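Participant: First the structure, then my questions, so here it is.
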Amino acid sequence: ASFAEAPAGDNKAGDKIFKNKCAQCHTVDKGAGHKQGPNLNGLFGRQSGTTAGYSYSAANKNKAVLWZZATLYDYLLNPKKYIPGTKMVFPGLKKPQDRADLIAYLKESTA
């Protein structure tokens, strides 16, 4: 199912998902450094593999994904299938509601 068919996202639920599943490797605050994964500030509308100061896999650079709700929704289902060769070890979020919630949180927190 595509993002067009996704349930409405709840950014408060997404905040919990981010803290539990993403925050050990990612930050969202402007000016915050990179961790194991890149800082996600300014994520929406950015091309994959382009955050300054972070060493991306060739796969991430070459895929040239434009990050928006629809691409994140597909990517977060199974990152290694969406970008084979990505360094991201996270297996993905199988539930559409979890992905929609996380995207709602990211849309607000990374702007």
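Positions of Cβ are set from backbone N, Cα and C atoms, glycine also.
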Participant: Where does the N6,N6,N6-trimethyllysine label fall among K30, K94, going by Swiss-Prot?
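Facilitator: Record says K94.
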Participant: Which one of K21, K80, K87 gets the tag N6,N6,N6-trimethyllysine in Swiss-Prot?
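Facilitator: The N6,N6,N6-trimethyllysine feature in Swiss-Prot corresponds to K80.
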Participant: Would you mind reading off the Cα separation of M88 (heme c binding site) from K80 (N6,N6,N6-trimethyllysine), to the nearest angstrom?
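Facilitator: Each residue's Cα considered, M88 (heme c binding site) and K80 (N6,N6,N6-trimethyllysine) end up 8 Å apart.
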Participant: Specify the nearest of the modified residues A1, K80, K94 to C25 (heme c binding site), where nearness means the distance between Cα atoms.
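Facilitator: Result: the closest of the modified residues to C25 (heme c binding site) is K80.
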